[in-house]
Every structure is written in C-alpha cells, then in structure tokens.
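Heads up, the thing below is written out as structure tokens.
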Amino acid sequence: MIKNFINRPVLSTVISILIVILGVLGIVSLPVSQYPDIAPVTVSVRANYGGANAETVLKSVVIPLEEQINGVENMDYIVSSASNSGAANITVYFKNGTDPDNAAVLVQNRVSYANAILPAEVKQAGVTVEKREAGNLMFLTFFSENPDFDEVFLENYLSINVIPGLKRITGVGDAEEFGGKNYSMRIWLDPQKLQAYKLNPTEVTAAISSQSLEAAAGTLGQNSGSSYEYTIKYKGKYNKVSEYENIVLKALEGGRILRLKDVAKVELDALGYTSFSESKGRAAIAMGISQTPGANAHAVVQNIDKYLKSIEKDLPEGVTYSINFNVNTFLDAAISKVVSTLLEAFLLVFLVVYIFLQDFRSTLIPAIAVPVSIVGTFFFLNLLGYSINMLTLFALVLAIGIVVDDAIVVVEAVHAKMEQTHEKAKPATISAMNEITGAIISITLVMAAVFVPVTFIEGTTGVFYKQFGVTLIIAIVISAVNALTLSPVLCSLFLKPHGDKEYEEKSAIGKFFHKFNIAFNAATLKYGQTFTFFLRHKWVTLVLFAIAGGGIYFANKNIQTGFVPNEDQGFILMDLSMIPGASMERVANEMREVSKDLNNIPGVKDFTFVTGNGMLSGSGSNNGMGFFTLKPFEERSKDPRQSIDAIIGQAFAAASKIKDAQILFFQPPAVSGFGMGAGVSFALLNKSGADVTEINQTAQEFMAALNARPEVKYAQTSFNTNYPQYQMDINVERAMQSGISVSEILSALQNYIGGYYATDFTLYGKQFRVMVQALPEDRKDVNSLNGMFIRTGSGEMAPLSEYVTMQRVFGPQAISRYNLYTSVDISAANNEGYSTGDVVKAVEEVAAQTLNANYGIDYTGLTREEQNAGSQTIIIFILSLVFTYFILSAQYESYLLPLSVLMSLPFGIFGAYLGQWLFGLENNIYFQISLIMLMGLLAKNAILIVEFAVQRRRMGESLSKAAINAAMARLRPILMTSFAFIVGLLPLVFATGVGAAGNRSVATGAAVGQLIGTFFGLVVIPVLFVIFQDLQERISGHRHKTDEIFATPTEEY
C-alpha cells in the first residue's frame, strides 16, 4: 500500500494540501478562549426580605428554598448565605457537562414548590433564578467628573441606558453594579406627625397601595349596538413625587383632607444606602460582567468593547468609563506569546534536524511535516467543538517535537538504506518503508493509547486532560499519515546519497559537519561497547530501575502540588473588613485616604474602591473592596518593584495604616469561574446544629492553629459573631391589654425602621420600588422607640417602647450554609516557598488535630478541583500504561516483550520530577499532562530499538548482537528526535512575561525527563530486550541453542 503512494506522488501531495486547507478553515472558525469550558455550571437563586436579620432570612427564606432545591438532577453541591441586609443568595453547582438551560429550568421548578411558604414581602419582590458563571470576565468603572452627577444618577443612568444593552450581548450572563442605589420613591415618615393625627404607619402603606394602582376599567360601547367603542384609561400607578404627596390618608374635621405630604417627606432617591464607590476622588459605579456557561469569552469581551465604544459618545458630559480588567488582555498577550514560541520551537527543531541530517533536502522533508500536522489539527478541533485555548496551543507546541519524529525516522531509514545498498532514492524508499512501517504504526498507536484513557475522565480535570490529549492524538495521527504518504514521496524525489555533499568540507559548515560526524561515530562505537558490561551485569539495570522507581515515589510525596499555576493577569483584588459595627462613612473615609497611596505604587494604573460589599467578606457596612488595574506587563517587566507580587507587598504596607481592619490583596483565580481569588478555599461545616457562637469559637481556634503553620501566609474568614445587635422582646400581655396584636407591633417596626415595600412604579421604562420608612434622624438608636407610636384599642397613641424591650447582644452579619449545613467559609494563601498543595495538607492535619466529630471540611472552587484531580491522577497513569502494554503485546504477539518498553519509562519519569524540583515548579495538572505525553515519547524510543532488534533476531542474529545492532542503528534517529523535542521546548522552559508560569510548568519536566530518559533508556532498553526476549523464548521453547552470549560491536551494524 505504501508503494502505491510512492508511485503516485500527486495523490500523496493532494492529501497533505487538503489537510492544510481544512486546517486553515478550522483556524478561522474556531472560537478563542483562555481555557475550554471547564467552570462548573451554576444556577443562582436570589431573594430579599427587607428589614429582616440574617437568622430570620435563613429560617424563613433560605432553608425552605434549599430543602426544595437540594438533590436536583446532576447537582454537585449547594451553597447559600443570609445577611442582615435581608439578602438571601443560593448557588447550585452542577456536574461538568450539565446543560445550563436545563439546570436553570430544573431549579426554577423546585423554587416554585417553595413559593407558597415564603414571606409575602419576599414573594412580592420576587425570587430570581438565573444561570450564570461564577466569576467575572470583565470589571469596569463608570465615573463622573461632573459634580452634578452623583452615584445615584450614575447607577440609574447605567441601569436604564447601558446595562440593558450589555445584557443583550450574546454570551453575557449578568452585568451587576456593585451598589444598591437604584431609584426608589422614598416615603420618609415623621413619627411625631403620625402621632398627632393618630395614624399607624401601616395605614399609610395601605393608603399608598390602595390609591397607586393599575386599573382595567374596560371598554364602553362593546356589544351595545353603538357606532363607537371607547376604551377607558386610568393613569395607573403614580410615578411623580407630587402625586404621592397628594395621596389621601383620611378626612379631618371641617372638611379638611390629610394627605401624605402632611405626615411624610416624599422624594425620588436611592433604594439603598449601604454602599459607596469612588475612583480617584470621583463619584463612580463599579460593575462586574459575567458570562453564560459555554459562551466564547474572547468574542463576548470583543462585543462588549464594541458596544461600549458605540455608546461612549452618548454618555452625559463628564461621564466616562475605564476597563479595570478583562480576560482578553491576558488572553491575547498569552496566546501571542505561545504563537511566537511555536515559531521559535519550529526554527530550533529545524536547526537540530539539519545538524543531524546535514543537507537541506533531507531537512526540508521533516520541516514540511510539522506545518501539515499542526495546521491540520485545527480542522479536527473544530469538528469536535473545541476552541483555540491555552491547553490546545500548549499541546501543539509540544507536538512540534513529536510530529517531526515520524518524518525523521523515514528520512533516516531511507538514507541508511541508500548507503547500505547504493540504491537510488525511490527503490531505497520502498525498501526502507517495508522495514519501518510497522514501527511507525506502533509508535502512533502507543502515543495515542497513552492519551486514550484520559478521554473517559469526567469533571474539570477530565476537560483539561481531554483537550490536551485529544489535540496531541490528532497531531500525532496526522503526522503518521504524513509519514506514510507524503514523506516517502518527498524522499523518493529529493534525497540523494550522502556522498553527494551540498557543502564543501573546507567551508565552515563543512568543517563543523565533518568534526560532528567523527565525534558522533566514535560515540556510537563507544556506546555499543558499553553493552558488554551491562549484559554481563544485568543486575545493574535492575538496580537502576529500582532506584528510579524509588525516586519517583519519593518525589511524588515531597514535591509541591497545585492545580493550575497563577499568572500575572495585570489585575489585583482587595477585600477589607473593619471591626464589626463600623459605619459605611468610616470605611469610605479610610479607603479614600489609603487610595492615594495605593494609586502611587509603581506599576498601578488605577484603583477603584467600593464600600458596603467585600469580595470575600460579603455585604455589610464595615466591608469594602477594591480593584487595581496595573500597567501593561511590558512596562512593568524591567522593574522588579513592579512585579505583581511586589505590588501586592507594597499594597499591604500602604494599607497597614488603616486601624481595626483586616485587609487582603490577592490575584484573581487562575481559572475564571472558580471563586473570586487564588489560594485555597474551603468550608468548615457544623453537622450537629450548634449555635453560631460555638461555631465561631471553633472556627477561630481552627484558624489560629492554621495560621501558626509555616505553609500558611494567612487564613481568614468573614464570619464574625461580634456585630453589635439588639435582641427584641415583646411584652405580649401588655400589648393584649392595650388591644394591640403582636403582628401590628412588628408591622409598625418594619414600617418605621426596616423599611416597607409598599408598591412599585414605572419610570423611564423601568420598574422601581416605593419604600416607606421613618426619617433617618428618627431611627438613630434604641431611644428612638420612645418617639415611634402605635394606636391602641382605645384609639390613643402609645410609644412602641411600652411594648418592646431591647437587649444589647452580639451576632453574625451573615450566615452561610454548605450542603444544608451551617458553615464558615475560609480562604488561605500559601507562604513563599510553599504551594497550595502544602496548604491543603496543613488544613487536613490541623482539622484532624483540632476538630471533633461534629465538624468537617469540604473544599470549594479550584481547591475542590485540585483535590479531585489528585485522586484521579494515579488511575490515569495506570490506565495509560495498561493500554500501552496491551497494544505492544498485540504488536509483538508476546506478553513479556512489552515489559522491556515499559520498564524503561521510570528513568524519564524520575527525570521529569527532578526537573520540576530543580526549577522550583509544582506538580500541577500541566505537569501531569506533560508526564503522560513523556511516557509516550519514551516508549517510542524503546519501540524503535525493540522493533529493530526483533527483526534482527528473526533474521537469525543472537540476542546480544541483535540488541546491540538495533541500539546502534537507531541511535541517530533516537537522538535526533529526542534533541528535536527537547530543543523545541526550550523557549517554554525559559519563558518570561505573560503566561510564563504555565509555559514553564508544561515544558520543564518534559524536557528534563526526555533528556534523562533518553540517556538511561539507550543503556537499559537493549539489556531489557535481551532479558525478556530470552525469557519469552525459554517459555515458548523456541530458544536457539547456538546463541552467542555476548557480541562485540563493530562499525558494520
């Protein structure tokens, strides 16, 4: 069959040309993203119970919803929180591969079951269910240089004119403003005036609800025989301040009317007053944009940029925006870096091949094989629904050194045949292909077999392995097709005997090649002579094997572990939590003061802060967050003070002036969609129903022990039970004696203090709330109850303090739950010199030492994926070895001979671990993927020797002679392909700049492992062949009695 391709060169070239054309079409069609769609599908459920504290929200909203949602199809885990602001948030995480639309429908159905038992106000406000991806693909800030446009104006301008358009962009999951200053018709009650007119606050809200409403009065003249019909219109719900001011409350003596403006101040203002945002002294609104699961992040960001530029001209005078962070900034720079590395690797591989083959014609053949395989891969990636991402690009960079192998083997075999038989190129090619076709097919099957098991792995880890592995498999298979079709044709057309030199030996390059050949031939003879020692002392090989195996075990236990390396993305997040009870104004003043220093840190482009919400600490007046936008990496790379770690260190120093505060600066997570920050995240679970005080004490003891560990830079939680609160008790007996029910007292308190959602109104095409609440100065402290009145059964007004007592207590600002257990969310960072894997080990050890049986821990975010990946890695390696073993067994028709291939692998694997350790790198998923690939490459080297040795053995040579001659004959192509692979990785090993951490992680271990594995493999593979071939022949009874025990190598091999 191969002969047919050699005889039909046009057919062979057409196949390769079509592969390239289809590959180019694939490149144009493929989406671009940093990573494939690996973030878990999440569905968010949000509700609000205005005025309720965290425990009330938990019991009346969160728990009923959780109990219905729990166990929904394909659910992985569920987390929830309830805060003193009345907010209830539930996030359901689904298993990888779940359809997000179906997940949202399933959760919506479960929520509908719980609606009947939710509080009326929660149902009135509505329960929101939406699919979304955790994490944001863009942060941006709109700010105003115009003093006339404050935060309230900015937020509402954006919600009316900008955000609707953002949400219509395909792939945008949500555009969320950090604040709660939507418009609201505020009805500020004056308690003294209500007392004077003997009104309860609930009567005010009833009047608003009964007079501001929509009507469907119908049509006059229908079915009446009349010539005309007249639709009756009613102005509907009020939307002007004057209309609300004139709402009638009751009739007074003398025909006078009591209106709302007589007992309250009415104004159009903000819905909430719990947040404040500023950027360099300017009123600002920060916004986070998330994507829908499965969306093309790169395209989404591009479309958002286009949309923002299109509306920029329409923004009010003095209003502009800046993009703090978007995933494309890092993605474009990282992909550009990988593409340039791809070209560098190609040139280096070309150079290595040229040194070994020593003529341009021969070098051109492998050089053509590389672009055919690399470009053609994109067509099949498009068919499989993959994307151009960091994983597929890394795979292609590594593939350069692999796909060139088959072509090199073909060229070297044809050259050897031409020199041995003095045949012309075409017959020599046909003869050589008859010998090496089996080896090429074996190598391809083994390389593919190594990655076949990873395609069955589920979850995030499986996506990583699958995208990387499938990309390599495609490139390798195309390379094999190329080696069996195009490469033989090119050999038959281009090659000529080595005697016909393209260079003069007196030239510089000729002298170099002459000396290189002399040295290489001498080394080859010396290499062959070493086998006499190893064949006489086979135990040395077995000892080396045992040492390598022990080294792998030791390294695997001691090397630092991680999931994905952190990269400098040019963006830093800040979380601030001041002492419980600190006011928003105090937090804003402190943040405003320190922001001046933060903006002056070298490398910082801009800093924006928001109060009332924390990245990790959640909502609360004492919390805040900030966004650092850094200058481009190219501008910072020359100054060590401007590295992202140095900037974080300077930020900690600058922020230390804020007293009574816990401040953290951290990078965003390495993979978007897995929480807010890098590091280790987990939940401390209470499984016994203990009160929050006991849980807090246990959490503080646990974190104190964890912070004492050298691996841990810090461990912190936002959970705190020291927030000042009041425990309210109602004197039911006195209330009943006065003719007042408990529900009336609670309703009055909600209207006066908590704020009551009376109705809603439409303005600028959007719906807003009408909120009833006492004037701020009338609800300052507990003494304010003396000035809040309620009507008794006798019609007299009595202060609420007659029936309500307040006791000063302390409690949490928010309560979290994890899988229906009360939990404490904890985040930890690793100290310099330690990895996240070391922190996880510390967490496990501290948990075992300090927690009793009523408590447990469970990991979240990337840490959860890191733990899941660790449990699957060993299975992956075992399956890869098993697949390789059985394919080789089928190839050699032996269950023993494949062991000579497999037992050569530990040397390279140990070398890979050694490389990671020497360069201070982690055992992360990049390294593990490259390790599987390395197994295939090392097996390929062994196959080249064993395959040729088997052929020599079948020709009647002794075991030792067959082994030595095979090793010496295959030395040149093995060294050529190994060095080509290693040199191709060097740009990644020594990478700097954007994406450097990932580049080094994926390449360093593979390069060092290939170097060490090749060196030791060339020594032990022939010995292992002799051992297992001899054993095979003894068992089968086909051993030759006249076999020589040893052979002396000669130049005739």
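Counting starts with 1 at the first residue shown.
Here the Cβ of each residue, glycine as well, is placed from N, Cα and C on the backbone.
Just so you know, TrEMBL annotations never went through curation; they're auto-generated.
TrEMBL lists 12-32, 338-357, 364-384, 390-415, 436-456, 468-495, 539-556, 869-888, 895-919, 925-950, 971-991, 1011-1031 with the feature transmembrane segment.
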Tertiary contacts of the transmembrane segment (390-415) (same chain, 6+ residues out, Cβ under 8 Å): 34-36, 334-335, 338-339, 341-342, 345-346, 349, 353, 357, 362, 365-366, 368-370, 373-374, 377, 381, 425, 428-429, 432-433, 435-436, 439-440, 443-444, 447, 464, 467-469, 471-472, 475-476, 478-480, 482-483, 487-488, 491, 495, 498, 926, 930, 933, 937, 940, 944, 972-973, 976-977, 980-985, 988, 995, 998-999, 1002-1003, 1006
Range from 12-32, 436-456, 925-950, 971-991 with the greatest count of C-beta pairs under 8 A to the transmembrane segment (869-888): 436-456
Best-contacting stretch, by C-beta pairs under 8 Å, relative to the transmembrane segment (971-991) and drawn from 12-32, 364-384, 539-556, 895-919, 925-950: 925-950
Recorded stretch that, among 338-357, 436-456, 468-495, 539-556, 925-950, has the most CB pairs under 8 Å to the transmembrane segment (364-384): 468-495
Spatial neighbours of the transmembrane segment (539-556) far in sequence, C-beta under 8 Å, 6+ residues away: 533, 903, 906-907, 909-910, 913-914, 917, 923, 1016, 1019-1020, 1023-1024, 1027
For the transmembrane segment (468-495), sequence-distant contacts whose Cβ falls under 8 Å of one of its Cβ atoms, 6 or more beyond its ends: 2, 5-6, 9, 11-13, 15-16, 19, 361-362, 364-366, 368-369, 372-374, 376-377, 380-381, 384, 386, 391-392, 394-396, 398-399, 402-407, 409-411, 414-415, 418, 425-426, 428-430, 432-433, 437, 440-441, 443-444, 447-448, 451-452, 454-455, 929, 932-933
Same-chain residues near the transmembrane segment (338-357), Cβ under 8 Å, at least 6 residues beyond its ends: 363, 366-367, 370, 374, 390, 393-394, 396-397, 400-401, 404, 408, 411-412, 415, 513, 516, 972, 975-976, 979-981, 983-988, 991, 995, 999
Same-chain residues near the transmembrane segment (895-919), Cβ under 8 Å, at least 6 residues beyond its ends: 544-545, 548-549, 551-552, 555-556, 559, 881, 884-885, 888-889, 927, 930-931, 934-935, 937-939, 941-943, 946, 950, 989, 1000, 1004-1017, 1020-1021, 1024-1025, 1027-1029, 1031-1032, 1035
